[in-house]
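Report on one structure; see the data block that follows.
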Amino acid sequence: MSKNDSVASEVASLPSNSSGSKQINYDVNVVDVESLRPDTDSLENNVFEKEANLDRGLKQRHIQMLSLVGVFGTGLFLSSGKTLYLTGNVGMFLSYLFIGILVGLNQLAMIELSCLMPVTGSYIRHGDHFVDGAYSFALGWIGVYQHILPSEISASALVMGYWSDLNPAVWITVFMVIIIGCNSWKIRFYGEIEFFFGCLKVLLITGLIILCIVMDLGGVAGVDRIGFRYWKDTPFKEYYTDGSLGEFLAWWKAAGSVVYAFGGVNAISFYAGETQRPRFSIYTAGKRIFFRVFVLYLLTVFGLTLILSADNPQIADTTGDSTGSPFVIAIKDAGIQGLPSVINAVVLTSAFSAANMGLVQTSRNLFALASKGQAPRFFLKTNRFGLPYWGVLVSAAFMPLAYMSASSSASTVFGWFQNLTSANLLVVWIAIDINHIGLQKALKAQGYTRDDLPYKMPFADYAAYISLFFFILLLLTGGYANFLDDNFDISSFFSSYFVIPLFIVLFFFWKIVKKTHHKKSEDVDLETLFKDVEANPETIPPPNRGWRIIKYLWE
């Protein structure tokens, strides 16, 4: 009997419940697995095999804070001003609320998948396992293309323009050197840096929310009480045409741009192969997503709409070199001295942190592709720190693209990269939903239920379908303005839609070359995944008592 047959026979012998679905017994002796590699050597076609080369240096607190760092980035601190100017004060809040709900639903699906199959590259490897190898190939290389764009390095140069008139190329060089240095050591070093920046962001966000309330209620000397004045004066703005249709078009255009602001949320599961207790860490971080989005993120956006009018001329081009963050604009208009520079400094850490994350995710994308033979195998090589150094080097080689900011307006380049990244993000989120639907179908076809999963998220079975519909709609209509009278712009059209033909070309290229087939639900290898859950139980630390609010922010 082959090893694979042995595994299949063990799983086939599991008891069934009254409905006929198989029951997985997770009642096993628990051991400390913080430094343990997956013990699945007895399995052929092992989906976890290559993970053993990576260093599991990320702890739960790192993953928790990485998810926070990913959400609170330059999309909120920089481009939110342009969104406010485009759609109005109420329209801006509703656009962030709408995208936030969709992203939250999408993450429910991602968490279930990643807790069952915690691997580096998450959705890329999931696509190969549950859907099609060609589909995975296209997703992986689009992921490389997405993260390799140095949009956040351009944003860093943009923020530095608030204090200095030096050529952006100087600051781009400085940030490139620092980021490459941060990615030349163990993954834990990267985790500690992001943990520190995450703590700064928690303090900044909390302070901003309090400051917005104080300013709105007239608590700043010389500033009248604002209340909901701006919500009444400029609730919605129009685009292209008058009336309700114009207001909807403006809001929909703004919603497409808000996608960029949620770009780092996938970090929760992306580093699963380098995380201690990956299933528990991903599940715990995932549970905090809705809290962080709806309490911290939306309260911050809400506060901005209270203290800054959509008609403020300074926010018409908030991605310009000297205007800075819309929060800084509001604080300067209130006559508060010193604080704008402090906020811009933390905004700078957001840009740096996002650029740092981009290099890490590019190298792990290449690692995930190489693990399935979809990229050169040298990307699997790691040094003594467990670092996939070839991926880091290739990613760093594309960082000089940020020098475009030196020859063109930093705001223009930032806008190009933002549009490209938004379209790519939609493809990634669509893929996560499709992967989860593939998981659901495989469970049903093979006699399992979602109750058999190591962790089950509420509403995840419906969440994937709902978010999938709207993400496809956003992707197809993201550049709709180019089809209106005399509005066509080649750079806008390219950045909005280039990812679609790119995906099609990559998909059919790999399908023709490798003759891949769509995975039938009954052929998806669930046995290996369930056996890995049993073979590698994870210790669950005792819950912290007291300070619940702090726990939700810190952990």
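Each residue, glycine too, has its Cβ placed from N, Cα and C.
Curation does not apply to TrEMBL; its annotations are automatic.
Annotation source TrEMBL lists domain 'Amino acid permease/ SLC12A' at 62-519. When pLDDT values are averaged over the domain 'Amino acid permease/ SLC12A' (62-519), the model yields 87.
Here TrEMBL flags 63-81 (among others) as transmembrane segment.
Under the heading transmembrane segment, TrEMBL lists 93-117 (among others). Remote same-chain partners of the transmembrane segment (93-117), defined as residues 6 or more beyond its termini with a Cβ less than 8 Å from a stretch Cβ, comprise 47, 83, 87, 123, 125-126, 129, 251, 254-255, 258-259, 261-262, 265-266, 268-269, 272, 278-279, 282-283, 286, 289-290, 293-294, 297-298, 301-302, 305, 429, 432-433, 435-436, 439, 450, 453-460, 463-464, 466-467, 470-471, 529, 533.
The transmembrane segment annotation in TrEMBL covers 129-149 (among others).
Per TrEMBL, transmembrane segment is recorded for 169-190 (among others).
Annotation comment: TrEMBL describes 202-228 (among others) as transmembrane segment.
The transmembrane segment feature in TrEMBL is assigned to 248-268 (among others). Listed by sequence, the residues of this chain that lie at least six past the ends of the transmembrane segment (248-268) yet keep a Cβ under 8 A from its Cβ atoms are 63, 66-67, 69-71, 73, 75-76, 79-80, 82-83, 86-88, 91-92, 94-96, 98-100, 103, 107, 110-111, 114, 122-123, 236-241, 282, 285-286, 289, 354, 357, 361, 418, 421-422, 425-426, 428, 432, 474, 477-478, 480-481.
Sequence-distant contacts of the transmembrane segment (289-310), counting only residues of its own chain at least 6 positions beyond either end whose CB sits under 8 Å from a CB of the stretch, comprise 67-68, 71-72, 76, 80-81, 84-85, 87-90, 92-93, 96-97, 100, 103-104, 107, 205-206, 208-209, 211-213, 215-216, 226-228, 230-231, 233-234, 237, 265, 268, 326-327, 329-330, 333-334, 552-553. The transmembrane segment annotation in TrEMBL covers 289-310 (among others).
Taken from TrEMBL, the feature transmembrane segment applies to 342-360 (among others).
The annotation transmembrane segment is assigned in TrEMBL to 387-404 (among others). Residues 53-55, 147-150, 153-154, 157, 169, 172, 176, 179-180, 183-187, 358-359, 362-367, 378-381, 413 of the same chain sit 6 or more residues outside the transmembrane segment (387-404) yet have a Cβ under 8 Å from a Cβ within it.
Summarising the annotation, TrEMBL assigns transmembrane segment to 416-438 (among others). Sequence-distant contacts of the transmembrane segment (416-438) (same chain, at least 6 residues past either end, Cβ-Cβ under 8 Å): 75, 79, 102-103, 106, 109-110, 112-113, 123, 126-127, 130-131, 135, 139, 142-143, 145-146, 149-151, 154, 256-257, 259-260, 262-263, 266, 460, 464-465, 467-468, 471-472, 474-475, 478, 491-492, 495-500, 503, 519, 521, 524.
The feature transmembrane segment is assigned by TrEMBL to 459-481 (among others).
According to TrEMBL, the transmembrane segment annotation covers 493-513 (among others). Same-chain neighbours of the transmembrane segment (493-513): 132-135, 137-139, 141-142, 145, 374, 416, 419-420, 423-424, 426-427, 475, 478-479, 482, counting only residues six or more beyond its ends whose CB sits under 8 Å from a CB of the stretch.
Across 129-149, 169-190, 202-228, 342-360, stretch 342-360 shows the highest tally of CB pairs under 8 A with the transmembrane segment (63-81). Sequence-distant contacts of the transmembrane segment (169-190) (same chain, six or more residues past either end, CB-CB distance under 8 Å): 54-55, 57-59, 62, 153-154, 156-157, 160, 271, 274, 352, 355-356, 359-360, 363, 385-387, 392, 396, 399-400, 402-403, 405-406. Proximity of distant same-chain residues to the transmembrane segment (129-149), defined by a Cβ-Cβ separation under 8 Å and at least 6 residues beyond the stretch ends, is recorded for 47, 117, 121, 123, 358-359, 361-362, 365-366, 368-369, 372, 374-375, 395, 398, 401, 417, 420-421, 424-425, 427-428, 431, 434-435, 438-439, 442, 499, 502-503, 506-511, 514, 516-519, 524-525.
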